[in-house]
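**Student:** Have a look at this one.
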């Protein structure tokens, strides 16, 4: 009896990485510079200047009619419409992929608005879709943080797995004298190591084989995820490498509570069975009871004394990530004013207290009309006043003014034939959605993440 072993499906698994916006394009450039193998790179941007300088072999100009190559102006709704305009081009570029990584910086215009649209298209092609995005620094301001929260919420609906990198944690990791380029490289390494690790898993010859079907089992429809790679050598190399792999300080989630874990150990010919057991025990203990570990090992003589541990953990209850998404949007409540008016006033004091409260109410309303954040839900009258007043703050020369006024409805896109309500949170009146377009210093820049823009020169 003859047996035929067909390994073509495994060896020919196609992985594509698409960088969206300025930060996404920078991440793609970094991966190309680092020599990541086994994947195809795509850059998508509304900014033609940034797109022309990108090193990806496939480039997509998003919304050429809408933005004329000048960027999204830090407005997510513009990035969204630009991606919808270029839907067919995006679909053609993504076809044929088994796995698609979408990377972007959340908080700006193109990355925040276009990434969810691209993720939806990617899922419709049948590919395993993974999002790897950054949350902005706190010092970038509340408006950008709020935009990021909205973009992440949209993206979650269309990706199988989502990895969120917290830029704020770069401040805790690097020395004060660390150059900015080196600091951002640490964030890019999360994506690079994850992509390279998965590529290596499905193309290498293993003693205990892992293939693309295993990757799909762990990552399909799983939500928040952790991706990490650890390297170590010496006596306790496997233990140290495994601990490094499961404790990436930049990620918003931990492995605790993971339901699915893909664990692969690569070492030289001297890799022992007990070392493999040590790695599995560490992961199992960190993840908790009920975790399903899919385990693999491979031998690479070129590693010498070094071992490489790759961990992909999914099905995580992302409470920490949810808290992180809410944190930038918090604002002080009004306890101070309430403490003033709560005490029982005397008859002689009553008119003055009432007058003070009235003046304070006026000040609060005026302050809220120029705020970049939605007012708290405990003051419904202030929220209504803010909405009414914001129309007067729109830049009268802005091409988006008329469009924005007309689009205070569930869907922001008029020419969409179907699924019109799927990308509506960028224009809704809900306090959690993005506020109306306001004139700000961000409008002077076409870069999605201004703190990333200098990285184009490397």
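Quick reminder: no glycine exception, Cβ is built from N, Cα and C everywhere.
Under the heading GTP binding site, Swiss-Prot lists 22, 23, 24, 25, 26, 109, 110, 111, 140, 144, 188, citing sequence analysis as support. Among the features that Swiss-Prot reports, compositional bias 'Polar residues' is placed at 368-379. Per Swiss-Prot, the feature compositional bias 'Basic and acidic residues' maps to 401-418. Among the features that Swiss-Prot reports, compositional bias 'Low complexity' is placed at 425-439.
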**Student:** Other Cβ atoms within 10 Å is the metric here; tell me which of the binding-site residues 26, 110 scores highest.
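**Tutor:** Output for this query is 110.
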**Student:** I want to verify one value. Collapsing DSSP to three states, which class is residue 22 (GTP binding site)?
**Tutor:** helix
**Student:** Using only the Cα atoms of 22, 23, 24, 25, 26, 109, 110, 111, 140, 144, 188, which the record gives as binding GTP, return the largest interatomic distance in Å, rounded to a whole number.
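**Tutor:** Max span of the GTP binding residues, Cα based, is 20 Å.
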**Student:** Around residue 188 (GTP binding site), how many other C-beta atoms are within 10 angstroms of its C-beta?
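**Tutor:** Summing over all protein chains shown, residue 188 (GTP binding site) has 23 other Cβ atoms within 10 Å.
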